[in-house]
Amino acid sequence: MLGKLRKSVAKLPFHESNLALKQVKCDACIEENGVCKCDNGDIEGMVMTEDAADQQARSGNSSFLHTVLNMSGMLIGLGQLSTPYALENGGWGSVFLLVGLGFICTYTSHVLGKCLDKNPKSESFADIGENAFGRKGRVLTTTFIYIEIFMALVSYTISLHDNLITVLSGPQIKLPGVPNLHTSQLITVVAVLIALPSLWLRDLSSISFLSSGGILMSLVVFISVVCTAAFGSVEANHSIPFLHVKNIPAISGLYIYSYAGHFVFPNLYKAMKDPSKFTKVSIVSFAACTLLYTALAFLGAKMFGPEVNPQITLSLPRHHFITKIALWATVLTPMTKYALEFAPFAIQLENNLPDSLSSRMKLIIRGFVGSILLLVILSLALSVPYFEHVLSLTGSLVSVCICMTFPSAFYIKLSWPHISKPVLILNLSLIAFGSILGVLGTISSAKMLIKTLLRAHSTRVR
């Protein structure tokens, strides 16, 4: 009897349920004993406060290690492949830009955590934007997030295709009725289809095994490059110029993209068992990535000099067994990234679906939309296979805003007027610096992409 009444009470609004639960207890006592012996202490033990209920509902299940894996897995990837190319073209002096951006993005990750602390009900990057600048802030941040997700997935798929060309350069496969589809394109389609089920994962702690796979594959690439140099296959004897100032705008986009991922960080923060450790997670993750990027950048540039490919794996000697391992690791890396990149969009999609839909139906809609989106991305990646230009444009056009300018702007707005003058100056400086890098980098990378497309078109016409 008492259990049934409690289930009915659970359907009431919070404050009404507190009163009703008190009445249920008394009615039960009267029914059983004829005398109510309830006191306030018993009732208080049964009734959960609204804040406690909200806190329990929002508590995450990801440990410190899970979150480090998710954040590091989000960061390490294509940026690693392109840093040797960026360092060679920007000069060894540009490493200060690479490391400096690492420090800046660590700070802006910390700032996002502070923004979430100020409004615990915020669940995503877009929520922070709305808290800071209203509805327009949400629309702007959501637009940039979706553009970055889209362009990042295009870049991952281009990388997948480029490395498959090398690793499977032997056999030629033709499908009847599709004469223009090359072998590498066909195998890329198959690889993307294999990765599709990962978009159906909902729990970030479950996705962490994909992050672990991505980190493992990235370490394999790094070790492969080190072994290639250590075993004498390629001597690291090329000199790196000090600085190519004219190339800095273009390579800045590659460097910035290496630290892209801030739009996922609020979701990682909310998924943590102990969000107070989020800053430590950021420090550990960004420090590891910066060290890896710097070491690989110098090693790759010293090994291959001006001939270094925008993807370091494509510069390694093709006949070596180590190269095969590195190529396969690079092929598998994008397949581990799709779920994490898609997570913010998927969460927002589910939140916007009617509550009347069952969890199973929401999962089906989420998976279906993600599958269609990934197939569109696949088509675009096969049509515009220019890795370095797409990656640089992504970094300069959207990543710099999400990684640098937006977090600082959010923090200033949400902390005003209590923000200290030094912190205000710091964040305003980051906004200005990020805006300059973004504008110059977007112009430079867009010009190079257009030139490459026109050149490829004229070649096909001939």
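Any Cβ shown, glycine's included, is placed from N, Cα and C.
Listed features, source TrEMBL:
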type: DOMAIN; residues: 61-443; note: domain 'Amino acid transporter transmembrane'
type: TRANSMEM; residues: 68-87; note: transmembrane segment
type: TRANSMEM; residues: 93-112; note: transmembrane segment
type: TRANSMEM; residues: 143-161; note: transmembrane segment
type: TRANSMEM; residues: 181-201; note: transmembrane segment
type: TRANSMEM; residues: 213-231; note: transmembrane segment
type: TRANSMEM; residues: 251-269; note: transmembrane segment
type: TRANSMEM; residues: 281-301; note: transmembrane segment
type: TRANSMEM; residues: 363-384; note: transmembrane segment
type: TRANSMEM; residues: 390-412; note: transmembrane segment
type: TRANSMEM; residues: 424-443; note: transmembrane segment
Close approaches to the transmembrane segment (213-231) from elsewhere in its chain (Cβ under 8 angstroms; 6 or more beyond its ends): 69, 72-73, 76-77, 80-81, 292, 295-296, 299-300, 303, 312-313, 316-317, 320, 322-323, 325-326, 329-330, 332-333, 336-337
Closest-packing stretch to the transmembrane segment (363-384), where packing means Cβ pairs under 8 Å, from 68-87, 143-161, 251-269, 281-301: 143-161
Stretch-level contact, the transmembrane segment (143-161) and the transmembrane segment (390-412), CB cutoff 8 A, at least 3 pairs: yes
Closest-packing stretch to the transmembrane segment (281-301), where packing means Cβ pairs under 8 Å, from 68-87, 93-112, 251-269, 390-412: 68-87
Candidates 68-87, 93-112, 251-269; stretch with most C-beta pairs under 8 Å toward the transmembrane segment (390-412): 251-269
